[in-house]
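**Q** Can you read through this structure? Questions will come right after.
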């Protein structure tokens, strides 16, 4: 029974919209971050009185009927997926979506029905949800051929990368830099060639991450080195050494503080005994009867 008044309201809104003039306000690309919030701004002419606002995405999302003379607006969220996830910001009732998921990507539109001019405006948004990228992972495929020549391919990837990813490689020599587009880098080496290092860079519209530099010398010297995932090993080794150094500094600091306390305690006790002795000597002795 509670749903019947809302159903009647929607039917009346649809019937009234058939006699209106329509005005298209364009489409807007909106970049959003996974598990964060986004607001879809809605522009309403200041001299117009709004009859209602209908938000939709794939299907009806919510209907907003502004209140009159200080009364609150009537808001009905019609899509269960957005219950507790959306709110509407005064004074234009822009749509605010919190805790974004991949499913929230896609087209959204706002239909604003104006009471005074009998005109309906339509504004569209395309939400693209992305996530912050983690450190790139490198896969190495190593092959050796005759006459001491070697070839190697490096494949760069990011876990749960999502859409619109781009990859590039930076090859660095003694005094040269070379850029390569794409996630796969193929290279070769012959005796006498100078050693290079390779860095993968991964990008999406909201973040930019790079791998640790990978030297090619260990690969050509030892083909089994390719199975050790050097970029991850180097990064873990550097982080481990840094943590170990911090722990050593912390332990030395605690030891110094403890030694200082040990030296201070006998002095404090001796000082307290001297004070007590002086106080006793300062008191007048009892005279004999």
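Quick reminder: no glycine exception, Cβ is built from N, Cα and C everywhere.
The domain 'Ig-like C2-type' annotation in Swiss-Prot covers 136-210. Annotation comment: Swiss-Prot describes 99, 208 as N-linked glycosylation site, evidence class sequence analysis. Per Swiss-Prot, the feature signal peptide maps to 1-18. Per Swiss-Prot, transmembrane segment is recorded for 237-257.
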**Q** Can you work out which residues elsewhere in the same chain, 6+ from the ends of the transmembrane segment (237-257), have a Cβ less than 8 Å from its Cβ atoms?
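**A** Same-chain contacts beyond the ends: 212.
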**Q** I need the CA-to-CA distance for residue 99 (N-linked glycosylation site) versus residue 208 (N-linked glycosylation site), whole Å please.
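**A** Approximately 22 Å lies between the Cα of residue 99 (N-linked glycosylation site) and that of residue 208 (N-linked glycosylation site).
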**Q** What is the total of other Cβ atoms whose distance to the Cβ of residue 208 (N-linked glycosylation site) is within 10 Å?
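**A** Residue 208 (N-linked glycosylation site) is surrounded by 11 other Cβ atoms within 10 Å.
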**Q** Based on DSSP, name the secondary structure state of residue 99 (N-linked glycosylation site): helix, strand or coil.
**A** coil
**Q** May I have the DSSP-based helix, strand and coil counts for the residues of the domain 'Ig-like C2-type' (136-210)?
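**A** Breakdown, helix to coil: 3 helix, 46 strand, 26 coil.
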**Q** For residue 99 (N-linked glycosylation site), just count the other CB atoms lying within 10 A of its CB, please.
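**A** Here the count is 11.
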